[in-house]
Each structure stands twice: as structure tokens, then as C-alpha cells.
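Participant: Look at Swiss-Prot and you will find 1-19 tagged as signal peptide. The topological domain 'Extracellular' feature in Swiss-Prot is assigned to 20-629; the stated evidence is sequence analysis. What Swiss-Prot lists as N-linked glycosylation site is ASN29, ASN98, ASN103, ASN289, ASN331, ASN349, ASN385, ASN413, ASN482, ASN502, and the listing cites sequence analysis. What Swiss-Prot lists as compositional bias 'Low complexity' is 35-51. Summarising the annotation, Swiss-Prot assigns region 'Disordered' to 35-57. Under the heading transmembrane segment, Swiss-Prot lists 630-650, citing sequence analysis as support. The topological domain 'Cytoplasmic' annotation in Swiss-Prot covers 651-657 and rests on sequence analysis.
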Amino acid sequence: MKEVLPLVVLCLATYHTHSIKIGISHNYNATISPTASTTTEAPATTGAPSSETVSSISTLPEAEVTTTTPAITFPPRVQQKPKVAVASPTMSTALPLNSTEVNSTLSVSGDNTFYYCSCDLQAGRCDLNCCCDNDCPLETRQVFNCLPNSLLPQLESRLEDFQYTHGLPTCQINDGWLCVFRSNTKATKTQPPDMNIDTSQYRKWKDNLEYQESDYAQSRPSAGHYKFGQTLQLWQPETKQLATLELPAAYESPNCQLKQSVWHLQPIRHVCRMKDSAQLQESIWSLLNQTSNYEILSKPRDLEEPEVNGLIVQVCLRGANKSMRCLERGNDTQLDVIVDHVELQLIHNFTNILEAKLFLEEAKLAEDDNEPLWLRYNVEFVTLNESLTKPTSGPLGYLSGAPVILSRMLPQNSSEDKQLISYHSLNQNIKEFHWLSLPSRKPRGSSCQRALDHKEALRFGIDLLTRCELRHAAPLLQAHANHTEYCQGLQAQIWSLLLPHNCTQLEDVTKVFVSHLGRPQPDKWLPMEVRYPENVHEMPPPVQAVYDEMRQSLSCRNIFLSVGYEFHVAHLAMVEGRAPHQRVLQHARLVLGQRHDLEFDTSEIEVALPLSISAMFYRMQTKALSNGAAVGIAGHLVLVEMIYLGIIYLGSMQLCL
């Protein structure tokens, strides 16, 4: 039995918090009977699952490859391709939902194998100015300023030319003992220079002397819809006056002294500093007078149309308790509350504005009158089916800084033959958070908090380390109390902060899957592996409660206070090379920290436990590249040493001669 290490006393300085002893858990012998004053309570459950449960989602066996390799000669010469017998391809990293029955457990959607659009970042939703997006209707091409089809360099442009751009010549030019031999590349084709260069698509300086069309021709739309970036128009039905929708803006100053027009499909976020509450109230009244007297045109006005129909802006007030109260037309200018946040929400179908709503959020005034007041303006463009879309983190692979996508296995009914991931479920009643939300520290304190918001989710490629405290009520130290229930509840509350969302025990992690791609596909999900470093073949021992009647103390054994997430990243070329350098996840792992023993006494009213959580992203090629670079450097050093010794030897021969 290992020697018991001394307990580490962590003093948590709070007004109700007292000292708590945290020690390292050890393997206790269950056959040794405790003393008369000590009571050990076994958990009510049957214990942690065996290693068979974790290994049920395992890697598929790789395909057997039989290859005949000819003799290697230097310099290499053109040889016939060896005959390769390859079995049916399988995925050893991105696993199906059940490795034992692949064909019967996968739910395959439509064939999108050869579809790739570099600007299509959201599945089931049309992306702005992305004309190759399958989710965009044909009418949007008349509205968008189309982005290029691919923002990444093509594979052809990444072939390096060893003839002129490197120090080593090719063997075609200088066939020596040190040259580059490229036998598998196609012969370079020299094209005659094109003398007729079209520069119409390039950016140019604007010619101020060029003839400009009249205001009538510019204001008259060609197709009866807004273009991307076109100014939204207001209409006064009584005076038949046309105006533009403008909001206060600031330039090189926190005070908003300018006006900025609202452009179609372009969100706006402005923050303006106010002198006092009177100026704040005056700004709100000015905006409400504009929205009550004017209507927003759903499309630019056509001078040939006799009647103009505008959209009435609906004004709603958000209270401090997130309550919503919409005001009637005519009474929306009489507000006695102080507002510090204005949000204009425009619902559209890309070509026209369908509905307009103005949300006013009540301000929380500070006790200090000298604290400055700020007024925030937000303009959001929302599509009709935006809430029904699934989250994505890239056109195919992950974008750097995009949220890591998670999902879980749905419970399988007896009538269903296929087991589905909740991300691909068509049931709209299932509301699930598809990101890995990690706890953070409160701004004013060290307590842990967790918000189900994509802004707080783990970002791809960004390592993270968070330390915070969990505050929990002290146990009731009585001889006949259920101490095991308290210790298990304490560990469950810790797991609710350290594990993915809706996971209160380690068994729930086996149902969590991580998307292999930034644009999830039904058969490209990775299981979240649970790794216990003390014994990689078994799960950790269950939580135990030991009550010492003589000392009036309770010990919760085998408590975990820290975890670490590990993700292995690879860069692959997909879609037959048309989507190069895609960042994908190859492996996801949850590594458990060290087990601890927590000891509580009667002097404690509230306990504060230190928690730690980390997330690391590893490139799978980094280790191989670093080792290869070391070998290459060593080889170069040996070569340089041989050349150096050869020069010395030749020099000595010359001296002797």
C-alpha cells in the first residue's frame, strides 16, 4: 500500500467560507475493516462501468494493403506503377455510430460528395454575397455582390518550381550527383502572352469628370428590390416625402455627432456616450418620432407607381426581467423609462424588407451619478427561417476560431433500425446546445459560471485554461445522515461544470460525439473518449463517503476537480483536391485529473472547491515533422562534416605535394 501523502490545506478567504482539507486519493483496501469510530458508506449504484463499455466505440480496422515495391535506384527513373490490391476503404478516425454494424446504424443524407463552396459557412441558410451557395434562391444573384468562388489558392498554384525558385537545379537542366528529379509531374506548357488584358474587373480610381446619370435614373431600381449595400428608404404618407433611414454615429470620438445611413443586409453596431440622462432621453424621443411618422419601404420607390405602401415599425419595450411589452401605434412616443439599448430588427427575404421591429431595453442606472451613460444602437437583418438552421463552423473543414461542434446520441426506439445523432434529427421539438461550453470566472470574483451561448463556446485551434471556484453548502455532519448522497451530489455538481452540457456523470460522456468537419455530416462524427491516466484500461473508482464520529468530520474520497480536453487536428485535401488545406478533427479525448479526498468538519458553513479545466489542440503532423526535421538536420550536419573533412584531407594532400 502506498505511503499516505500529507494533506494539503487550502485556505479560501471568504466571509462564510472556512478551511477545507483536500488530499490526494489513494487505492484503499476494501478488506481492511475500519475503526470503531469510522463509518465507510458504499455508493448505492453498482459502480463505474468496465472498460468494455468505453471500448465499444472503437476504431475500425484499417484496410489491408498488399504492395509490391521494386528496387530503389538513385537517381530514380521512370518505372511502372506497382500493382496495389486495396480492400474497401474505411474510416479509422471519423467513426460511424456503431463500429460493429456500420451499414445498419448510419443515416446517410443526400449525395453532397462533390459539393464545395468556400463561402458557404452556414448549413440550411443563405450566406450573404455567396452566389455558389445551394441554399440561396436564384433571385439573390440579382441582389448580391458575388464573392469569388474560392478564396484559397488552387493546388496547381502550389506546385513548387525547382528549376528557378530554389538553389538546387533540376536534373533536366544540370544532371549531377545533387539535383532534383521530378518524374511524376506533367510537362510545363508555355502559353503565349495575352495582349488583350481585360481590366474591367479590377479596382480603379474613380473618374470625377465622368458623366453621371441623373438622380431619377439612379433612384429607379431595375428589378424592384434592394441591392446589397443600398440605402434603406423611409416614406412619409401624409406629406409624400422620401427620406433615408439614418442612425447616430461617432467618428474619432465617443460622442455621436454624425449620421450614418442604414444599408441593406449590412448590420450596424454603434455606442454613443451621453452627457446626462436628459440627452439620453432626447435621443430616444427623436428616434421614436422618426419611426412613428415614417414608414420603411420594403423596396426602393418606383416613381411610376402611383401608390406607395410602407411598413410600420413595431416598437417593443424589454424590461429588466427580460419581459416584453409592445406599444400601440401612436402611444409609442410616450416613454417614461430610461433606455440604453436600441435594436432595430429587419426581417427580410434578401430582396425585400418584410417586417420591422424596434426593441428598447430598459437601462440599469448606477448608484454613482458621475458614471457616464452610454446608448447602444444595433441593426440586425434576420431571415425568416434563421432560427431553424443548424450551426456550422466552416464551409467544409473548421475555420480557425470557429466553435467546436458537439452532439449526442439519441435514444433508440425498438421500431427504429438506425441510431441517429441529435444534430441530424428532423424533430424541431428537440432543443439542444451543439457547442462545448466551458465554465468561466465571474467578472467580480472567482466563482464559476457557465452560459449556454456560442460566444462562450470553445473555439477551434485556441488553447484555453480556466481556474475558478465552486461554492457549495457544507454537509450535515450527523451519524445517521446519508453522507454518500452528499458526496455523490457534490461530484455531480462538479461534473455539470467540467463535462459537456447535460452531463452529470462520466457515463454520459460516452454518448457525446464531436464533429469531424466544420460542416457536420451524418457519418463524420468522433466519439468523445474518456481517459483515466492512473489506469487506462478501467474507469475510476466510485465516490466514497467516510464519516469519523470521533473527530466529527466527513471525508469524500475519489473526487475529481480538474479535467482536460485534447483534440488532434489534421490538414487534409478533400473533395478530390478541390478543397485543399481543410482543418479537421481526428481524435477527441477527455483526460481526467487527479483524484482527491475532501475532508469537512463542523466549523464549515459553506465550502469553496478550486476547479481547473483546460483545452488543447494538437497537430497530428507536428511531431512527425519535428522528428523528420531533426533527422534532416542531422543528415545535413553529417554531410557538411564529411565535406569539411574531405576539404581538410585534400588540403593536407596539397600541402604534402
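Glycine too: its Cβ is placed from the backbone N, Cα and C atoms.
Map the listed features onto the structure and describe their local environment.
Facilitator: Summarised as a single figure, the pLDDT of the topological domain 'Extracellular' (20-629) averages 76.
DSSP assigns ASN289 (N-linked glycosylation site) to a helical segment in the three-state reduction.
The Cβ neighbour count for ASN349 (N-linked glycosylation site), using a 10 Å radius over every protein chain in view, is 17.
Neighbour density for ASN482 (N-linked glycosylation site): within 10 A of its CB lie 15 other CB atoms from the protein chains shown.
Annotation for ASN502 (N-linked glycosylation site): same-chain Cβ neighbours under 8 Å, separated by at least 6 residues, are ARG408, ASP508. In the three-state DSSP classification, ASN502 (N-linked glycosylation site) falls within coil.
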Participant: Measure from the CA atom of ASN349 (N-linked glycosylation site) to the CA atom of ASN482 (N-linked glycosylation site) and give the result in Å, rounded to a whole number.
Facilitator: 60
Participant: Would you identify the secondary structure of ASN482 (N-linked glycosylation site) according to DSSP, in three states?
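Facilitator: ASN482 (N-linked glycosylation site) sits in coil per DSSP, no helix or strand.
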Participant: Including all protein chains displayed, how many Cβ atoms other than that of ASN289 (N-linked glycosylation site) lie within 10 Å of its Cβ?
Facilitator: 12
Participant: Cα-Cα separation of ASN289 (N-linked glycosylation site) and ASN349 (N-linked glycosylation site), in Å?
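Facilitator: So the Cα of ASN349 (N-linked glycosylation site) lies 27 Å away from that of ASN289 (N-linked glycosylation site).
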